[in-house]
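Now, the feature entries from TrEMBL:
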BINDING   CYS85, CYS89, CYS92  [4Fe-4S] cluster binding site
BINDING   GLU197  S-adenosyl-L-methionine binding site
DOMAIN    71-304  domain 'Radical SAM core'
Amino acid sequence: MSAAPIFTSTALKPRHSFQTDDRNLLPIAEKVQAGERLSFEDGVTLFRSGDILAVGWLANLVRERLHGDLTYFNVNRHINPTNVCVASCRLCAFGRKKGEADTYTMALEEAFETAASGYTEAVTEFHIVGGLHPDLPFEYFMDLVRGLKQRFPKVHIKAFTMVEIAFLAKRGKMTIPEALQQMKDAGVDSMPGGGAEIFADRIRHIICDHKIDGGEWLDTARLAHQMGFRSNATMLYGHVEADEDRVDHMMRLRAVQDETGGFQTFIPLSFHPDHTALSHIPKSTGMLDLRQIAVGRLMLDNFPHIKSYWQMVTPQMAQISLRFGADDVDGTVIEEKIYHDAGATTPQGMRRADLVRLITEAGRIPFERDTLYRAITRTEDTFTVSA
Ligand code: V47
């Protein structure tokens, strides 16, 4: 039996030449080298290629072109004010119906205490997301944000997914721009990327049929960007979606980004099935996790950053993915509930020094950032953000 052919593209001039045994990757490699946009079909081809190293190599080329060896992380804390949720998404193990035994809703003082607890180094970001509570008024969330800003004026508040914003606007009987304006006035600085899941209706009906649809998620993000907010964008993969659904999701994000430029980071989230209504679905694998990071980097040519969220994929995989297109590993987090309720076995948080080691041992240069990717300089137990 003869060895599989190796196809070499001489048009590529990175550190080493591009090699693959998948002939279908050659035209894609030529486009990547020329900085040309990839098509829907290219995305599907990348997902189906048997040559994961070649796909990763191309993603790494783009990653290094944008960021060299720099790898971003931050010192943040998650706050989930309530797990009471009207949505009952099949993908979720965190949300509870009102009246169930293990529900919780933080009193404001409790939320402020949570914000201050659990870590000695000054955090630069509060990441605030929670359930869609049927009774909590809009003002509760504004008081929460205002109270945090008063107590921690230097900390960036990244709060409320597009799903929460649409829900809170409805509850407050206001338009989405009106809700966004009130959030801005209260002290929200940017938005996290959650709730995007997979935009395709067919999949959304299975995994989260009570949430706003994909078009509404994108419209809300567009409005937020037009009002000057930056946000992130996630994609939940590894459940019932097909390769085409993932590519469609990324192309819809890419189209909005062409309009607004407001997305900072794309964060693929691998589905954790334990304790969800989809617990029969097998867990994602390392190969899919790496491939998803790489295809994200290659398809989303207008996104500055691709985050490999260590809590989701494990610190080990996050480290390896720094060679497969990722340039960000997220942060210290301190206390994570959403994936841990769904069976994640990763630690609840990581110390700054451990994140630095993880990045350094991958041969990359750690860069502590604030939420808007500005450099953080630390002195004793405080920090300054570069202009
Ligand atoms: O939207 C819920 C996901 C998201 C499960 O913007 C699940 O920097 C896996 O969006 N298995 C919330 N995923 C988290 C999120 C996020 C995380 C880190 C950083 C940022 C950012 C955003 O978690 C939800 C949903 O897609 N999720 N349940 C589950 N069982």
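Each residue, glycine too, has its Cβ placed from N, Cα and C.
Structure coloured by features recorded in TrEMBL.
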| residue | record | DSSP (3 states) |
| --- | --- | --- |
| CYS85 | [4Fe-4S] cluster binding site | coil |
| CYS92 | [4Fe-4S] cluster binding site | coil |
| GLU197 | S-adenosyl-L-methionine binding site | coil |
Checklist outcome for this item: So CYS92 ([4Fe-4S] cluster binding site), by the Cβ count within 10 Å over all chains shown, scores 25
Item to check | Set of same-chain residues at least 6 away whose C-beta sits under 8 angstroms from CYS85 ([4Fe-4S] cluster binding site) | outcome: CYS92, PHE94, GLY95, ARG96, LYS97, GLY130, GLY131, LEU132, HIS133
Next on the checklist: Restricting to the chain of CYS89 ([4Fe-4S] cluster binding site) and a gap of 6 or more, list residues whose Cβ falls under 8 Å of its Cβ, or answer none.
Outcome noted: GLY95, ILE207, CYS208, ASP209, HIS210, LYS211
Checklist outcome for this item: When pLDDT is averaged across the domain 'Radical SAM core' (71-304), the result is 97
Next on the checklist: Cβ within 8 angstroms of the Cβ centroid of CYS85, CYS89, CYS92: which residues besides those meet this for the [4Fe-4S] cluster site?
Outcome noted: ALA87, SER88, LEU91, PHE94, GLY95, GLY131, CYS208
